Amino acid sequence: MSLSPRTTVFVVLCFLFVLAPYLTRATTDELQARCDSHSFNNGKHFRSCVDLPVLDSFLHFSYVRETGVLEVAYRHINVESSSWIAWGINPTSKGMSGSQTLLAYRNSTSGVMRVYTSSIKGYSPTLQEGPLSFRVLQLSGEYRNGEMTIFATIVLPSNITVVNHLWQDGPLKEGDRLGMHAMSGDHLKSTATLDLLSGQVMASKAANDNMLLVKKIHGLVNAVCWGIFMPIGVIAARYMRTYKGLDPMWFYIHIIFQTTGYFGGLLGGLGTAIYIAKHTGMRSTTHTVIGIVLFALGFLQILALKARPDKEHKYRKYWNWYHHTTGYVVIILSVYNIYKGLAILQPGSSWKIAYTTIIGVIGMFAIVMEIIQFKNRWGSLCCKESEDLKADQTVSTNV
């Protein structure tokens with residue numbers, strides 16, 4: 001008896017569904033085995049080993065509570081030779097600022113490992129070499145087969161049993177300068193609390209969840225203010241004013257949406273951006289630069305209202321060109337920057353689908369109105385060109 005292709009596929013899927021938990025468990029056990037049974041080339045042995053939850057990292061350590069001596073080997077696998085790695089302890093908080101860090105990278109010219117210490121005092125660190133708040137007795141590193149390791153012996157205050165620790169990796173730039181690590185995904189989750197006696201790691205979930213909430217608020221506020229209110233304000237000014245019965249209503253609608261979009265983005269968008277920069281560091285990314293440019297252009301538009309000439313003034317047409325052009329540039333940059341922000345935040349496809357749907361409806365409405373008002377808006381120009389053409393033909397005929 002032969003099975004149909006559809007039945008065969010169904011049976012295979014059911015088989016995989018049943019085996020999935022066992023396959024996952026095997027993979028997890030394999031990772032743990034790589035941690036516990038790993039042998040170091042320098043012959044070092046450690047009492048405990050922790051498979052850190054993110055960034056393909058492991059922490060091997062031995063701790064003597066009475067003396068505070070902590071021997072560690074921070075191991076990062078699947079890392080390029082043109083990368084740097086770091087592991088540190090923060091004795092004062094659960095963030096990056098204040099952490100006492102060990103860093104390592106492979107010299108791009110000689111291939112020799114450089115390992116040093118750096119005390120991080122803020123959220124935009126230069127990672128310069130400097131002493132730590134505790135003693136470092138030994139420090140070395142190695143890179144083999146895509147695996148970079150930092151070895152260190154440090155002396156903590158005696159009787160400490162729990163520490164806040166963090167780990168990170170980033171790119172190595174030209175001249176062996178340490179580039180900024182990624183600001184999304186697992187790179188924002190690489191902090192935890194480590195029990196030096198039991199070896200248990202407790203991820204700092206609350207802090208990560210709080211930062212994720214702030215980022216979502218930042219994205220939502222800017223998407224609504226800059227990506228929805230601003231285009232609606234422009235559409236109101238462009239299409240409503242052609243109907244005499246809607247004058248001056250169109251002007252008030254235009255002002256309400258533009259000012260709400262700008263000041264809403266200023267208070268909610270810029271405010272959350274400053275909070276994010278304070279707690280995770282400020283980077284000169286395209287998204288950040290465009291955001292600053294948008295706030296500057298919006299402020300110039302507000303100032304331009306104070307300098308608006310009367311309708312009959314000879315400079316009014318130049319003011320209109322400036323005001324309209326700047327407005328369209330703001331809309332284009334806003335929509336582009338929202339998609340850049342979504343790519344950084346990665347909140348899920350539903351956010352992108354929702355915004356694309358809304359901005360698509362706004363765009364379709366603008367296209368329909370442009371078609372409806374084509375004759376009124378461009379008809380006079382076409383008629384003028386036709387009249388000029390006929391006049392030229394008449395002159396040519398008379399000649």
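Cβ atoms are placed via backbone N, Cα and C, with glycine included.
As annotated by TrEMBL, signal peptide applies to 1-26.
TrEMBL lists 55-170 with the feature domain 'DOMON'.
The domain 'Cytochrome b561' annotation in TrEMBL covers 177-378.
The transmembrane segment annotation in TrEMBL covers 217-237 (among others).
TrEMBL lists 249-277 (among others) with the feature transmembrane segment.
The transmembrane segment annotation in TrEMBL covers 289-307 (among others).
Long-range Cβ contacts of the transmembrane segment (319-339) within its own chain (Cβ-Cβ under 8 Å, at least 6 residues beyond either end) map to 219, 222-223, 226-227, 230-231, 234, 287, 290-291, 293-294, 297-298, 300-301, 304, 307-309, 352, 355, 359. Summarising the annotation, TrEMBL assigns transmembrane segment to 319-339 (among others).
Sequence-distant neighbours of the transmembrane segment (351-372) (same chain, 6+ residues past either end, Cβ-Cβ under 8 Å): 219, 223, 227-228, 231-232, 235, 238-239, 335, 338-339, 342, 345. Here TrEMBL flags 351-372 (among others) as transmembrane segment.
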Please report, as numbers and ranges, the same-chain residues at least 6 past the borders of the transmembrane segment (289-307) whose CB is under 8 Å from any CB of it.
222, 226, 258-259, 262, 265-266, 269-270, 273, 319, 322-323, 326-327, 329-330, 333-334, 336-337, 340
The transmembrane segment (217-237): which same-chain residues, six or more beyond its ends, come within Cβ distance under 8 Å?
250-251, 253-258, 260-262, 264-265, 268-269, 272-273, 276, 291, 294, 327-328, 330-331, 334-335, 337-338, 341-342, 345, 347, 351, 355, 358-359, 362, 365-366, 369
Determine how many residues of the domain 'DOMON' (55-170) DSSP places in helix, in strand and in coil.
0 helix, 66 strand, 50 coil
